[in-house]
Amino acid sequence: MNRGGGYKRMSIAGMEEIIIIQMGGTIDKDYPRTKGGYDFEIGEPAAKNILNRIRPTRSIISSTHSICRKDSQDITDHERVLLANKIEEGSEKRVIVTHGTDTLLDTARFLASHLKMAAVTDVTVILTGAFTPEKFKDSDADFNLGVAIGAVQSVTPGIWVAMNG
């Protein structure tokens, strides 16, 4: 049973479903030609494109959501509270957060403190990002998300970071 007293949503072979939440950052950056490539914008969750390429067992990823689409240096505690609330209120026990690398550890620390105060101790959260945008040919985004998908299914509940293996 989950925190709310209901039953856990399970997918194939008893694996718990995973939710992916976008915060923004380099992994989601796009450099549109309309701006001459000199400016960036945060687009749709890169995780959607990556999942189409790496093709994990489809039924283990329940959904993707976006909390914000910001460079991580612009993420505030307001967005971190929205993220913590989404995790706290959700039924999924396995959460992957895509995030910019500049403040990824700040968000990890915030989540650890906030979820502990809210007595949420049965959720596994993996934060990941990329050093180059998913849109780039030699991006580390696919690998990092793949590592996060493996990690979220194998580590104990808590707040974790998965980058570069």
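For all residues, glycine too, the Cβ spot is worked out from N, Cα and C.
These figures come from a predicted structure and were not determined experimentally.
As written in TrEMBL, here are the features:
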- 18-165: domain 'L-asparaginase N-terminal' (DOMAIN)
- Thr26: active site, O-isoaspartyl threonine intermediate (ACT_SITE)
- Ser72, Thr101, Asp102: substrate binding site (BINDING)
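DSSP states for the domain 'L-asparaginase N-terminal' (18-165), grouped as helix (H, G, I), strand (E, B) and coil, give 60 helix, 35 strand, 53 coil. Neighbour counts of Cβ atoms within 10 Å were compared across the binding-site residues Ser72, Thr101; the minimum falls on Thr101.
Summary of the substrate site environment: with the site residues Ser72, Thr101, Asp102 set aside, the chain residues having Cβ atoms within 8 Å of the Cβ mean position are Gly25, Thr26, Asp71, Gln73, His99, Gly100, Thr103, Leu104, Gly129.
Averaged across the domain 'L-asparaginase N-terminal' (18-165), pLDDT for the predicted model comes to 87. Take Ser72, Thr101, Asp102, the residues named in the record as contacts for substrate: the widest Cα to Cα gap among them comes to 7 Å.
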